[in-house]
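Residues or ranges marked as active site, nucleophile by TrEMBL: Asp26. Under the heading Mg(2+) binding site, TrEMBL lists Asp26, Asp28, Asp205. Per TrEMBL, the feature active site, proton donor maps to Asp28.
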Amino acid sequence: MVDRTPAVTFGEDQEISKPTTVYIWDMDETLILLKSLLDGTYAGVFNGMKDTKKGFEIGKHWENHILRVCDEFFFYEVGLHKVLDQQMIKLWNDLYSLTDSYTGGWLSSAHALLEQTLAKTKPSASDHSSEMTPRSIITKDQSINVLVTSGSLVPSLAKCLLYRLDDVISANNVYSSWEVGKLQCFSWIKERFGSPNVRFCVIGDGTEECAAAETMRWPFIKIDIRPASPYRFPGLTMEMVQSYIDVIYGPQDSKDEKMKG
């Protein structure tokens, strides 16, 4: 799959008239489910309504696919459709559908929210005018998805491909905190994207990213796999995410009014 995620660079001479929001996502047990399928945690929160054995088998299939992709071939920018044969593609698609069905649409719902975060940066028909310049593109309201995972980098990139996240998260926006910790990764992200008009929001399920977000004074949304929680997939919405951002940074509408005044 070809990477379609907008690449964003900030130069010293560029002005950003509207805020850029950098969404920093955890992967495991946030955008995807794997460990909780393997250890039965996911099925356990449904109090007998989910087949624990089926969840474990789904998790093992994912584990095997991840190992195979890492061992036999790895070309993130090319995409798996270019390197897998038709039989493997069918098995992969079937496993994705099976997992999505078992988890009530977790994978597709998470992907849909990632797409919504990028909606403001996808070019409209009028954006393809010959008069468009890099400056006119950069001054639009933008959003960027960044992934910070505690797993090592190559298996994490393999997961991005297998779980169909490569069209909403570019390879250069994937960070591994395996050796340095999430706080260090967050510091790098702030250094890379930081400017007075950039806002950050962290979404994950772990205590490490929560503590790191608190240190950085960024909003943190904790994902909860329990079925009654709204902070899961399906459930989490852009409106909910925006409300957390507004608490820390203030509503953008009110800032716009102040600038006009």
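For all residues, glycine too, the Cβ spot is worked out from N, Cα and C.
Feature map: TrEMBL annotations on the structure.
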| residue | record | Cβ within 10 Å |
| --- | --- | --- |
| Asp26 | active site, nucleophile | 24 |
| Asp28 | Mg(2+) binding site | 18 |
| Asp205 | Mg(2+) binding site | 19 |
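Each residue contributes its Cα atom, and for Asp205 (Mg(2+) binding site) and Asp26 (active site, nucleophile) those atoms are 7 Å apart. Taking the centre of the Cβ atoms of Asp26, Asp28, Asp205 as the Mg(2+) site, the nearby residues of that chain (Cβ within 8 Å, site residues left out) are Met27, Glu29, Thr30, Leu31, Thr149, Ser150, Gly204, Gly206, Glu209, Ile223.
According to DSSP, Asp28 (Mg(2+) binding site) sits within a strand segment.
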